[in-house]
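Participant: If you look up TrEMBL, you'll see 6-27, 63-86, 174-193, 199-219, 226-248, 295-314 marked as transmembrane segment. The domain 'Phosphatidic acid phosphatase type 2/haloperoxidase' annotation in TrEMBL covers 93-217.
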Amino acid sequence: MESISLWQGLALCGIVSWIVISSSLNVTRKLRTLVQPWVSHHVITGTPMILQIQKYQHGFLDALFSGLSCVVSVPFYTAFLPLLFWSGHGKLARQMTLLMSLCDYSGNCIKDVVSAPRPRCPPVRRIIATKDEQENALEYGLPSSHTLNTVCLSGYLLHYVLSYTQSEDASLKFAGFAVVCLIVCLTGLGRIYLGMHSVIDIIAGLAFGFVILAFWLSVHNHVDSFIVSGQNVTTFWAALSLLLLFAYPTPELPTPSFEFHTAFDGVAFGIVAGVQQTYHQFHHESMPRIFTPQLTVSVFLGRMLVGIPTILIVKYCSKALAKWILPIVSNTLGIPIRSTSYIPMLKGSVTGKKTGEIKQSGYIKKLPVFSSQGSFDVDTGIRFLQYSGLAWSVVDLVPSLFSYLRL
């Protein structure tokens, strides 16, 4: 017990130390000064190659690559992961969730540290088919998140399938590897064809993706063991989630990247907290899995009809509750707050203290959860709690309903 508490304390103290040191020494700006000019140069010099690829413009290719971008996007995985939990593959679902969270945080951190532009449009033709793509276009370019996520998630899925089936067939392994490579290549090519990324962004996405995947394959069993049977799991993960919000680098100009991370940070916390509490009831390895007599397709469809509306209701209620509670708690504690979008009466205002009385330390003012006036953006807390509630309902509330309804 003491050794467990020791490593948890050391990990959290390490992150706190990094926050203080990196903010005091302005590490983000110094790294950006070194890397951004080099990356921007390659984005500009890579424009002719993008234009060369876009010469093959065709309606079929537009639809193919736009559809593929949606399939490998964060919103798609967010919608797909609950179904994976309810299908009985609990370990795969929680591993994919945590890996997705790691990819999202790492990729967005690098984007905002480097703050490198996307290909200039025009001359590059940018195809934006969905609202999600419109928001993606507001982020910085390097690395390509779609490429990074595809490398990690498709690679881990292949690893899981081969481990689960325990197949020693070399031809099957080669076929799986070939399919993963094809998906990754099409994703990278599609991002260039759609005008969303330059070649240097894709290369960086591949490189960082392989590094993250290799790291995850070396630690995923330890992480899973900690979640399902560790000590102080929920408390530790709550502290970790909070510190990761503060450790996030401040971009050159505001982008949606921090908002995306906050949402998935909340998802990861909700999953960990819920699974840790209900592992032996709903998420152990003996749970029935889809396409078996114990969990037929019709029963799974019934789970979807019950589960999807439930998590949407929980998401709405969590947001409403957070919008009501967080301002009250912040004002009670004397924390100055503002709201970017969720609470209209707090837009552009600071409550809790007068601006002249706010005495935040230098490094706190530089953190993305604080505005230039040193006030806390309450939208960050609302977004985190909203998605935490949604994720908790996926692994705790909804399985309880399944049990009650005998689904």
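For all residues, glycine too, the Cβ spot is worked out from N, Cα and C.
Computed from a predicted structure; not experimentally measured.
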Participant: Compute the average pLDDT of the predicted model within the domain 'Phosphatidic acid phosphatase type 2/haloperoxidase' (93-217).
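Facilitator: Its mean pLDDT is 88.
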Participant: Taking residues 6+ outside the transmembrane segment (174-193), which of them lie with a CB under 8 Å of any CB in it?
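Facilitator: Cβ under 8 Å, 6 or more out: 49-50, 53-54, 56, 61, 64-66, 68-69, 72, 127, 144, 146-147, 150-151, 154-155, 158, 161-162, 199, 201-202, 205-206.
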Participant: Within the domain 'Phosphatidic acid phosphatase type 2/haloperoxidase' (93-217), count helix residues (DSSP H, G, I), strand residues (E, B) and coil residues, in that order.
Facilitator: 92 helix, 0 strand, 33 coil
